[in-house]
Amino acid sequence: MVVKVGINGFGRIGRLALRRIQEVEGVEVAHINDLTDPAMLAHLLKYDTTQGRFKGTVEVKEDGFDVNGKFVKVTAERNPEDIQWADSGVEIVLEATGFFATKEKAEKHLHPGGAKKVLITAPGGNDVKTVVFNTNHTILDGTETVISAGSCTTNSLAPMADALNKNFGVKGGTMTTVHSYTGDQMTLDGPHRGGDFRRARAAAENIVPASSGAAKAIGLVLPELSGLMKGHAQRVSTPTGSITELVTVLEKHVTVDEINEAMKAAADESFGYNVDEIVSSDIIGMAYGSLFDATLTEVTDLKDGGQLVKTAAWYDNEMSFTAQLIRTLEYFAKIAK
């Protein structure tokens, strides 16, 4: 049985989600809703500066385009309640506009003629289950209609924080993500639509301090760490490829080797383990949601006998998150009731 998916918002994550779904059996994109002309959407799907050219075929048709020979309907409705997802057989919507990222707003897709379930591709708030696949996906029971996949940084941070807490106990911590610039920043100095003075500055010419909700969101993924972490971002002049640095105080005394061994033992399809001296361009396009870098682990002994432990994990803030998103989508569809 094929699960048909709709995508609302065909931006960076929406387009990469369609690419990733081409590699998944039993899931296909049947309908895209975006206010942009289908010919432009098809062009941006086919050609991508950071992720490379689409390996399949894309052909513009009336009212949509063919992707690898299969028709994808394209509509341009502003309001979710006006999108007739059911006409395309869509069961699950990927809400990727960024504008309908709360439970109340996302539920507008569930109207008569709409979809059955929604997966938000952004943090969704306290009343929505936030899923980082292979960290806490088993919190889902199949009855949920709206869930969130969190953010790219949350998916980078969560498995690393989880491994630290399970093995050594986390008393508290602070994280910094050195994050590539995104479409929410200005390419040249100019007014920012959200009123952010720093994001109003030229993205490729500056280090831009910015907020990050990942440290707060970690409490939605790992409730035992709720309120124990703070964090922020430093946006830098790379188009994709980011790294999360986490500094923690642990309950146990540790060594660098003990930390690295715990991370190696926790590795899976979502959480990789690296011992090479890599840089950000080396992880573009990778499928790990988070890649722990054992070469960057540090343990600092303090005068009072305590320790500061620094760990780091790479992530492609575009494709790493998308890979995790689609893993969550597959699971969400599989357990649906």
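Yeah, the Cβs are placed from backbone N, Cα and C, and that goes for glycine too.
These come from Swiss-Prot:
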type: BINDING; residues: Arg12, Ile13, Asp34, Arg78, Thr121, Asn317; note: NAD(+) binding site
type: BINDING; residues: Ser151, Cys152, Thr153, Thr182, Arg199, Ser212, Gly213, Arg235; note: D-glyceraldehyde 3-phosphate binding site
type: ACT_SITE; residues: Cys152; note: active site, nucleophile
type: SITE; residues: His179; note: site 'Activates thiol group during catalysis'
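Distribution of Swiss-Prot features across the structure.
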residue	record	Cβ neighbours (10 Å)
Arg12	NAD(+) binding site	22
Ile13	NAD(+) binding site	25
Asp34	NAD(+) binding site	21
Arg78	NAD(+) binding site	9
Thr121	NAD(+) binding site	29
Ser151	D-glyceraldehyde 3-phosphate binding site	21
Cys152	D-glyceraldehyde 3-phosphate binding site	31
Thr182	D-glyceraldehyde 3-phosphate binding site	18
Arg199	D-glyceraldehyde 3-phosphate binding site	21
Asn317	NAD(+) binding site	28
By Cα-Cα distance, the member of binding-site residues Ser151, Thr153, Ser212, Arg235 nearest Asp34 (NAD(+) binding site):
Ser151
For His179 (site 'Activates thiol group during catalysis'), the spatially nearest of the binding-site residues Thr121, Ser151, Thr153, using Cα atoms, is Thr153
What three-state class does DSSP give Thr153 (D-glyceraldehyde 3-phosphate binding site)?
helix
DSSP three-state call for His179 (site 'Activates thiol group during catalysis'): helix, strand or coil?
strand
Under a three-state DSSP reduction, the secondary structure at Arg235 (D-glyceraldehyde 3-phosphate binding site) is strand
If we check Cα distances from Arg78 (NAD(+) binding site), which of the binding-site residues Cys152, Thr182, Ser212, Gly213 wins as closest?
Thr182
For Ile13 (NAD(+) binding site), just give me the three-state DSSP call.
helix
Using the alpha carbons only, what distance in Å do you get between Cys152 (D-glyceraldehyde 3-phosphate binding site) and Arg12 (NAD(+) binding site) once rounded?
12
Please list residues from the chain of Thr153 (D-glyceraldehyde 3-phosphate binding site) whose Cβ is under 8 angstroms from its Cβ, counting only those at least six apart in sequence.
Thr177, His179, Ser212, Gly213, Ala214, Ala233, Ser242, Thr244, Tyr315, Asn317
Longest CA-CA distance among Ser151, Cys152, Thr153, Thr182, Arg199, Ser212, Gly213, Arg235, per record bound to D-glyceraldehyde 3-phosphate, angstrom
19
In Å, rounded, how far does the Cα of Ile13 (NAD(+) binding site) sit from the Cα of Ser151 (D-glyceraldehyde 3-phosphate binding site)?
11
Annotated NAD(+) contacts Arg12, Ile13, Asp34, Arg78, Thr121, Asn317, maximal Cα-Cα distance (Å, integer):
27
